[in-house]
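Let me begin by presenting the structure, written as structure tokens, before commenting on it.
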Amino acid sequence: MAGKLPRLAIILGSFVTLIAYLYHVPNSEGVPQMDRIRIISASMKIINFVGLVSETLGFAPAWYIQRNSGLVLKKLRKPEVNTNLEIKDILIEDVPARIYSPSNLNNDKTKLLPAIIYYHGGAFYMGSVDTHHPLTRRLALKTGFIVISVEYRLAPEHPFPAGIDDCMKVTKYLLDSNNAKKYNIDAKRIAISGDSAGGNFAAIIAQEFVSKSISKNIPRLQVLIYPVVQFFDFMIPSYLTPALHIFHFGRPGQVFQLYLNKTISDDILVNNHTNLQQKKKYRQYVDWSLIPAKYRQIYKQPITDAIDGNNELIQNSEQLLDRKLSPLLVDNKELAKLPTTYILTVDHDRLRDEGFIYAERLKASGVKIVHHHFEHTFHGSLTFLEGIFELDIAHVMLDDIVKYVKDNL
């Protein structure tokens, strides 16, 4: 009996430690619905752990486990009844996409509606039309517009620029009036939108259409939801300030390594991917003075601009500074050409500050812009619209986007 007690104590202690780890969500002061957010956080930690174990034991790589965890969550959804929508999986220029159309269009093939082309988020290697179906379906229902969700190719099987090329092909096709009519779309009233990595695609594609003679029509709106717009400065305050982060996936350089198919070391997060010349050239575009003062109380000015980088990392990361990856790194005269813009940012997000900088630079360039910032929520929260993970703030943000699009498209 005496020998069993220590073992029991170890088991109970380990169990309590595990529960405490899964329950603990730091930096959550003022964030509502923490009961649900703790469940979300615990789920993400478990997925991360399973991925690490799988990779360590030589089974599937961690990124593969992370990506396919969305299929498990999909099975937890309630069956849908789409009485007002027709939903089809189609091919546009050989790119898979899902189209959401009002059901009554079947009775009037001549009617043309505004459309939203949506590029899902997921760090360039995760996400799908299925993971974002609750969002895109509601966008279609609430706006009454046609929504096209693009199933673009993912890294690492298809590294840059495969994913954005797919999105570009679909967008270019639908901006042609003759093609758009096939889907009851008014090619002059198309918005492009995306969240996170998808927001990166939307920002880049908008710049491509206004800076080159790609199409007679250009997107009428760009709707950017906590977008990635620069890979120059990873030491802006929002990267350094403690915040509530739900997604605990991989080492710091992994996303870039998967996306570029090049070796990217973790010191990229201390800006070792740029040399002194690059730091001087690009700093003007990532202007800390455009970040609200309340976020610059501790970190007041750029930290690494006088420090040279790692030569190997600089060479492997050079693409990240190109405008086709970092749309913030362009002159104001280029930004001035952009269409009417909506940007959504959230407080608990490493991408928060670059969203503020992009919004302020667009405003200074004369672009008609609305920037709405939501405090007390985290990156990715817009997608939690249903099921056991449903969050009230997701519906608040969605309604804000819907109102903007209906008013401006």
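Using the three backbone atoms N, Cα and C, a Cβ is placed for every residue, glycine included.
TrEMBL annotations: computationally assigned, not manually curated.
What TrEMBL lists as transmembrane segment is 6-25 (among others).
TrEMBL lists 46-65 (among others) with the feature transmembrane segment. Counting only same-chain residues 6+ beyond the ends of the transmembrane segment (46-65), those with a CB under 8 A from a CB of the stretch are 22, 125-126, 156, 248-250, 254, 258.
The domain 'Alpha/beta hydrolase fold-3' annotation in TrEMBL covers 116-271 (among others).
Counting every protein chain shown, 27 other Cβ atoms lie within 10 Å of the Cβ of Ser196 (active site). Annotation comment: TrEMBL describes Ser196 (among others) as active site.
What TrEMBL lists as domain 'Alpha/beta hydrolase fold-3' is 305-381 (among others).
Other C-beta atoms found within 10 angstroms of the C-beta of Asp349 (active site) number 23, with every protein chain shown included. Taken from TrEMBL, the feature active site applies to Asp349 (among others).
The feature active site is assigned by TrEMBL to His379 (among others). Taking Cβ-Cβ distances under 8 Å and a sequence gap of 6 or more within the same chain, the neighbours of His379 (active site) are Ser196, Tyr226, His245, Ile246, Phe247, Val346, His348, Asp349, Arg350, Leu351.
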